[in-house]
């Protein structure tokens, strides 16, 4: 290929008047080499086995998986060997560089290229051109489509590919096949293909293997990753224009890869003694439940999905981490994803996962990289500390072994890191049609997946969850589901999706009618095509919770009674507005110091501080206040390890009520005598189903009615958890109300509930990827053509989160306060406006985000809200565009009264109560 190095370019730029370029062959060689090194040093054993087993061998060539990965790297930019690409003007260079590179081509015999004016060069993007050329030269669709999609999106259909025939000049400069220049382009393109084949051990196109679709996705992701690394000029520098070749090619690849590679591949130990495993990892011996689980998994041959249903506080997290090591060893995984419902729960577990990661390293000199992935990860102090240490000397193990690799910190690459903690959205997006989706599949297919706090997922989110699990089944990736309150039909759907991904037909599975049992605790798992359940455990200590239905007008009396002679009273309600109203009322009566409030409408830094304060007050081993009222929304039920002496809650679906009950008498501590019996009060139960409007909007009448119907006067934990959840969510269990009008109201609510589910499922399917193709059929081809058709229109991470959760659009701003003639943070009385371009100050400011109330982001007014904010920022905060931390953000400055007028509303921020909103024309709260 030496002769081709002289004239085709892959990259070009200009730095300090130096004209730089990278010959196409050098970039292809770099990418091929990176693909080979990633195969050897980054891919998990399980991924390699998947690819090798997906190959339909056409020859006796060894290591066909690795060779195919390298071939893709070697040929991926063949579409750049076309006039359409070579005549492109550079984005970061003078015209002089463009001219000189075209002159190289002229001297090489491509006469007229300097003056060529193509009619439609953009119709033949080099990725599509690459697929078209490979197909033209005999490469099968399954491999050629990977090349066509290496910029993040495969072609939607063959029509788009076939249309390339209409642009012969884009490929050959001339439309006449017998012209010299046409033949010269053709012979050079063939030379690139033949070089790629020879370099990777294939004698001809006919020797290239056929490969199944799931493995195509992994190879596609691997190619994109290889290309991105090889395109990084810090790793692989460009050459001066007068250079045509790299002097020391082996040194170039070795140096470049070492600059990128900072962590070692995790190779899990094989433990025979499970007690030792727990002691070394967590510092304690396993409980009966944990030991039985690990012993069960140890006996399996080909495990896949494991569902753990057990009460709160039994140690499911440690059980999952121990089992993830066992599954990694059995299935050849080399990483972990731990997903939780919210940013707060992800933050809460990050330190524990980091410590486990440190412990699995043991006394080795291994270095492991870990990521915290959600919208507010930069606020997590533990993650920030790791970020500060990410420039450690990797040869010096004294400097720490768990760190953050910056290359994996981008939103497209974070899923590729070995150990990732984040919100469950990250996993749900495996099923969302998004550009560069193959990268996310590449990252998740090398890990054990743990999804914590899986309850009765919304029907919309379930579409993405079940599809993502189906793809994990196709990849043979272990999935661990943790839940305290899982409806039986949800358990069945999870298992069914995974088995379908494996290619196992549901009707062929024995004893499937047993899957919906209500035993508790319960382990459900597969071993190859068989499903098993474990329900025999050591009898657990029972805790009695007494349930009282509480009329709203008696709330004050119960709270006062709970405080008399000492006690911590918790109140969990379903809306922010109600929590604020209650907090104000009780503060007026009992004093500000007696009442704490937590919900999602605080400035982000304030919410995190409030969560920490709460854990210090009523968390494990906390020094508890003699008396306290703590009011909050659903954030209090989500993994905060807190303990109330008495708990009051709005009515909610049964599984969520039980989650809330999990915060009542959670720890074994000495309590005031009158609180020795656990009492749980439920607000908002109505015989006529006249539920609170805010609660109805959140949960719907149907589940509220069924929960109210089956809610007993006493719950025995943990024995009653599963039976109660199954009763509410088992729609086959019919209930009848004596009053005909009430029964009709219930049936109407059921119809509305069922319609809502159907609509949500239909809506979710719009941007959800299709099932993996395990076998070619007349309906579905064995390739990636059309895989991302109807791509989600917005590529931002925030929009993707909203899409997989079906969240209404919200507007987030950075909240500041007017100080003197400038502005500052609410927590500091200091004007920082003149130093806003200081990176330290800008980063601190960027952390103070606030989600505006929904009244400002309705379909009819969200555009106006954003337009007003943009005008305000252009006028008052234009300096932010000069800061990498603040560029693109929207800020608001509350006045001296903590007020801000926006789109016909007055916002008021209070450090105790959060943000509230009033409509200006009616002067009433919204």
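Every residue gets a Cβ built from N, Cα and C, even glycine.
Annotation source Swiss-Prot lists Mg(2+) binding site at 77, 150, citing similarity to another entry. Shown in sequence order, 10, 24, 27, 28, 31, 126, 130, 227 are the residues of the chain, 6+ apart in sequence, with a C-beta less than 8 angstroms from the C-beta of residue 77 (Mg(2+) binding site). The secondary structure of residue 77 (Mg(2+) binding site), as reduced to three states from DSSP, is coil rather than helix or strand.
Positions annotated as ATP binding site by Swiss-Prot, on the basis of sequence analysis: 310, 311, 312, 313, 314, 315, 316, 317. In sequence order, 287, 289, 521, 540, 718 constitute the residues six or more apart from residue 314 (ATP binding site) in its chain with CB-CB distances below 8 Å.
According to Swiss-Prot, the feature domain 'HD Cas3-type' maps to 17-229, an assignment based on sequence analysis. Note on the domain 'HD Cas3-type' (17-229): mean pLDDT across this stretch is 95.
Marked as domain 'Helicase ATP-binding' by Swiss-Prot on the basis of sequence analysis: 297-504.
Residues or ranges marked as domain 'Helicase C-terminal' by Swiss-Prot: 551-745.
If you look up Swiss-Prot, you'll see 452-455 marked as motif 'DEAH box'.
Nearest in space to residue 150 (Mg(2+) binding site), taking C-alpha to C-alpha distance over the binding-site residues 312, 316, 317, is 317. Taking Cβ pairs closer than 8 Å, the motif 'DEAH box' (452-455) reaches residues 316-317, 320, 338-341, 345, 349, 465, 481-486, 490, 494, 638-639, 655-656, 659 in its own chain, all 6 or more past its ends. Taking the mean position of the Cβ atoms of 310, 311, 312, 313, 314, 315, 316, 317 as the ATP site, the remaining same-chain residues with a Cβ inside 8 Å of that point are 289, 319, 484. In the structure shown, the C-beta of 311 has more C-beta neighbours within 10 angstroms than that of any other entry among the binding-site residues 311, 313, 315. Most other Cβ atoms within 10 A: among the binding-site residues 310, 312, that distinction falls to 310. The motif 'DEAH box' (452-455): residue composition by secondary structure is 0 helix, 0 strand, 4 coil, according to DSSP. With all protein chains in the displayed structure included, the most crowded Cβ environment within 10 Å among the binding-site residues 150, 316 is that of 150. DSSP gives residue 316 (ATP binding site) a helix state. Counting every protein chain shown, the Cβ of residue 317 (ATP binding site) has 18 other Cβ atoms within 10 Å. The DSSP secondary structure for residue 311 (ATP binding site) is coil. Secondary structure at residue 150 (Mg(2+) binding site), taken from DSSP and collapsed to helix, strand or coil, is coil.
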